[in-house]
Amino acid sequence: MEVFMYQINALNPKEEGHKARKRFGQNFLHDQRVIAKIVRSVNPRPGDNVVEIGPGLAALTSPLIGECDALTVVELDRDLAAGLPDRVPHPERLTIVEADALKYDFSQLATQESPLRVVGNLPYNISTPLLFHLLEFGDKVKDMHFMLQKEVVDRITAEPNTKEYGRLSVMIQYFCQPTFLFEVPAGAFNPPPKVTSAVFRLVPYKEKPIVAKDEKALSRLVGHVFTQRRKTLRNSLKGMLADDAFDKAGIDPMARPETLTLAQFVALSDQMVP
């Protein structure tokens, strides 16, 4: 699979002094209609605690900051971070955090009165670990809006009994309510990537509708069975569960992992916990 790092830029990258680099797979979003649609989906309001991950050349940052009292951006590239105040209206509203989002403690940006609204265009190669890193701060996050390759978004929002359904589907849906919002065609980027992208929303549950006894056990079980998704649960989980675990969980041991609901995965993982 090709990896594309999305940096939003409604202008000509060369005019901005930043050339798309092939080795990083950078593709710059130039379609103003798509940018406007993203902002409408986020629907920022004065008083919102908005955090943008990877602002790049600020094409999304600019319309966002026009709707907010304040905007915090997390940018790893020092050169891009240094140029942001000159690229946005109301630079006095902008707070720039030069940090690796994968390691950053987002809790320090939130308060009880102002949970985070996180926005970003995530490169595929860090999207999964970054999503799970952000979920560590789920109790401090109101919602998240991201753009990724459509196939990844399809996996996040997938339902049981589909080929897209897997570990990412189960674990994201355990913590959040995901919503597929809209596709972004390759032609919206310069240069155009070879994949279609999509924008989606995640809303962390304030109270999870289904709670596992041990979330690490759930993650371990789900990850294990989907690495062997063609095997039956009995064969895949041999040695991990007691003989009567399937009966206690009310699950057919001959089923395959893609047929199980989130609730069934939780019931099965609970059998791993004394």
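We count from 1, first residue shown onward.
Any Cβ shown, glycine's included, is placed from N, Cα and C.
These come from Swiss-Prot:
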BINDING   N27, L29, G54, E75, D100, N121  S-adenosyl-L-methionine binding site
> Among all the protein chains here, how many other CB atoms are within 10 A of the CB of D100 (S-adenosyl-L-methionine binding site)?
Replying inline: 11
>> Under a three-state reading of DSSP, tell me whether N121 (S-adenosyl-L-methionine binding site) is helix, strand or coil.
In response: strand
